[in-house]
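Asker: Below: one structure in structure tokens.
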């Protein structure tokens, strides 16, 4: 655990289909989870910060770097966007709507120039990169995770299937077309975001794709989150890498531009509003690094992939410990589009733009 200072090429990646995957072998992977704050409302500065952190992690020999939920675009902690306070429906001058305008401006298009920039970082530092972002599609926002490879290529995304509580006001809902697991030289990598990880059937979908390195970008810094991460590692027989932000009130714009709600009073600039808790856990439930609640940090561990086979000797949740004749899961992995066209050409074009579910060979 280290406090942080803050193209072309041959094919190497394939998305995993359901129920696939043999043991990738007893290799060791050095992985880092980043615990750091967004530069709120300033996406270029956030990307610059991300590159500094990636460079530092790569300098320690990390092959996989995982960032927190909504690192690019920002997690709107403390904001209600006016709901439940004084929002006026249909009033274009409502302060909450201008707050959303600024948040929308800080989000990124996927694909888009920021995605190209992130891909270039992954290629420059020769890492697999898992990055939490706020994705903008038109005027709807999604909480997403993007995946990149060491050849500088964007692999695909996972959109948060179920935003939590007031997140549902500002973020759209993902669907089954973006629940990927990528087969990489490091192992099979996928991600779920924050409280999605409490959804047993969604976890099972990843287990069914043979996930070995389970990334869990989050905004939950409570101690009980550690129990959830340990449970997932044991249940899935996989490594769990959970990355959260560490941020203080001063990491957000000052009032009145940005007001924290629900705390009784405006916190002081140095008040910790998210203490982190980023952690790396082995398939046996052993904590390999973290949790850290002290400040921004790069939390690094060496993952012995042989641990996966050892863990699954006595418990393989979608293998010898499953009872499919009694209990089984069906996943609808088709995109759900608000507009479709009768023309086959238009349908193919729209589906290709929306779906990350199709297996791709690189």
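Positions of Cβ are set from backbone N, Cα and C atoms, glycine also.
Annotations per TrEMBL:
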type	residues	note
DOMAIN	29-305	domain 'CN hydrolase'
ACT_SITE	69	active site, proton acceptor
REGION	343-362	region 'Disordered'
COMPBIAS	352-362	compositional bias 'Polar residues'
Asker: Can you check which residues sit near residue 69 (active site, proton acceptor), meaning Cβ under 8 Å from its Cβ, same chain, 6 or more apart in sequence, and list them in order?
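Answerer: Long-range Cβ contacts: 75, 132, 143, 145, 193, 194, 217, 218, 219, 243, 244, 245.
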Asker: I'm checking region-level scores; what's the whole-number mean pLDDT for the domain 'CN hydrolase' (29-305)?
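Answerer: Across the domain 'CN hydrolase' (29-305), the average pLDDT comes out at 93.
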